[in-house]
Structures are given as C-alpha cells and as structure tokens.
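Report on the following structure.
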Amino acid sequence: GNHTLLTEFVLSGLSSRPELQHLLFFTICFVYSMTLIGNLLICMVTVHPTLHMPMYFFLRVLSFLDISTASVVVPKMLVSLLSEDRSISYLGCVTQLYCVVFLAATEWYLLAAMAYDRYVAVCWPLRYAAIMNSRVCLSLVLLSCCSGKVVSVLQTAWVFTLSLCGPRRINYFFCDIPPLLVLSCTDTSLYEKQLISATVLVIFTPFCLILLSYACIISSILKISSAESRHKAFSTCSSHLTVVTLYCASGTLIYLQPKSSNSQDAKKILALIYTTVIPTLNPLIYSLRNKEVKEVLIRVV
C-alpha cells in the first residue's frame, strides 16, 4: 500500500562515469552511422536486376529490420549521453519495449526463412525457382512479421500488467524486459518462467529449424563430387550461419537469466552488441563473402 505507481522512468545509460560520456557518444554515433550507411547500401544494391533472387529479397528485409532496431534504441541513447535528462515516459517505455521485441522476434523468424531458402537452393536446385517464387517469399516475410507481432504484444502486455513501483531508475540504456522486472513490487517468478519459455519459442525453435536445414544442406553438399562446387555451396551458407551464431549467442545470454543483477553490466554490453554492433556487421558479412553483391556494390558506389 505504500508503493507509488510509476508514470515515467530514468535510464541509467551505458556508464555513470562522466569522463566517458563524450567518448561513448562519438563511438556509438560512428557505429550507428555505419549501420545506416551499410544497410541502406544493401537495400539499394539488392534491388539491382542481377540480384533478383529470393536470397537478396530476404537480405533486403533483414537490412530494413537492422536499421529499425538500431533506430529504436540508439537515438535516445545518444541524447542521454549528452543530456542530464535521461527520463523516458511510461508510454515511451511501452512503445520502445514493443518495438524492440517485435523487431528481434521478426528477425529470428526471418533467419529461419532464409535457412529454408538456402536448403531449397542447395538440395532442390532444379525446382528452386518454382518453390521459392515471389508469393512464397512474401508469405514467409509476412509470417515472420505476424509471429513477431504476436510475441511482442504478449510480452509487452505481460510486463506492464505487473505492478512497477520504485525506484523509477532502470539500470539499462533502453526499456527491456530484464531491467523492468527488477522494478516490480510483486512476485515475478511466474513471469520469469514464462520469459524463459518465450525465449525458447522465439530463439531456439527457429534455431532448431535452421540446424535441421543445414544438416540437410551439409548432407547434400558432401554428396557433390566436385570440390569447387562443394566450396561454392558452402560459401553461400557461411554468411547466414555467422549472423545466426551472433544473434543466438547474445540473445540467449541476455534473456535466459532475466533477473540476475550480478551480470547487469555484462548484459548491457551484450544488449549493445545485439542492438548496435550486429546490425553494423550484417552488411559487411554478407557483402564481403558474396562476389555478386561486391560487384554490384562497387558499381553503385
């Protein structure tokens, strides 16, 4: 009865040390600029007629999601690094959490769709164009978005039905589920179990589908007699596997122990990697390992 319901929150940011604020600002500003430039270039390059394939359509959608993820988190973080006012309204926190969860979940399902695309390309090359037609590709993207929306609505609604009451300080640089649970004045053990279940559903279910796809892919590649053909088939999948590994490692470490206060600084670093660094790396991973993308990119630049 002595608790006061919160109407706004204060984000602690990445670091409380004043001497680091300007250094962090310029570093993150540079990384964010690279994220925008790299992913916008990918979006421009993949509409080129020579790259009119399902793989590049999915890559274009992934780049758009990366831009959106970084844009939901980074601008507010940059303002907080230069301003004494680090507050965020209750509605702003709800919106930010909804967008972060929606984009993260959608990306995971999209990565599973991209793995299926690689499976069809390697295992059924003669039927690839018929199976992965534009209607199927669009349906997979819409299914990923709808799945991400369902997860985001449920998670956001569940978090904000908890009684959040002081302190209003969030030990994080954006509104996310683990730091918000710390503010609850009610028992969150049931929600923590639900969060682990949701993590398994959102991360490990697509991850298992990805592993199954690549098990079939590797089995098919090993049957190819030509060493050059095997290398080409492996190279088309290596970029996607690298991205999946980065997302899986950071995502599981953040959400599988939601209320662990001892590792909060480590979780900040992982969340920074997930929301800022990985979106910057994706264009590099896909362009540097793909000869066709590099050729078109050089022409566009």
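Just so you know, glycine gets a Cβ as well, placed from its N, Cα and C.
Now, the feature entries from TrEMBL:
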{"type": "DOMAIN", "residues": "38-286", "note": "domain 'G-protein coupled receptors family 1 profile'"}
{"type": "TRANSMEM", "residues": "20-45", "note": "transmembrane segment"}
{"type": "TRANSMEM", "residues": "57-75", "note": "transmembrane segment"}
{"type": "TRANSMEM", "residues": "95-116", "note": "transmembrane segment"}
{"type": "TRANSMEM", "residues": "136-160", "note": "transmembrane segment"}
{"type": "TRANSMEM", "residues": "196-222", "note": "transmembrane segment"}
{"type": "TRANSMEM", "residues": "234-257", "note": "transmembrane segment"}
{"type": "TRANSMEM", "residues": "269-288", "note": "transmembrane segment"}
* To do: Output the single range from 136-160, 196-222, 269-288 maximising the number of Cβ pairs under 8 Å to the transmembrane segment (20-45).
  => 269-288
* To do: Report yes or no: does the transmembrane segment (57-75) come within contact of the transmembrane segment (196-222), defined as 3 or more CB pairs under 8 Å with a sequence separation of 6 or more?
  => no
* Structure fact -> Same-chain residues at least 6 beyond the ends of the transmembrane segment (95-116) with a Cβ under 8 Å from one of its Cβ atoms are 55, 58-59, 61-62, 65-66, 68-69, 72-73, 76, 88, 140-141, 143-145, 147-149, 151-153, 155-156, 159, 174-177, 180, 202-203, 206-207, 209-210, 213-214, 240, 243-244, 247, 251, 274-275
* Asked: Near the transmembrane segment (136-160), which same-chain residues lie under 8 Å Cβ to Cβ, leaving out any that are not at least 6 residues past its ends?
  -> 54, 57-58, 61, 94, 97-99, 101-110, 112-113, 116-117, 177, 180-181, 191, 194-195, 198, 201-202
* Which residues of the same chain, at least 6 past either end of the transmembrane segment (269-288), have a Cβ under 8 Å from a Cβ in it? -> 14, 28, 31-32, 34-35, 38-39, 41-42, 45, 59, 62-63, 66-67, 69-70, 72-74, 100, 104, 172-174, 176, 239, 242-243, 246-247, 250-251, 253-254, 294, 297
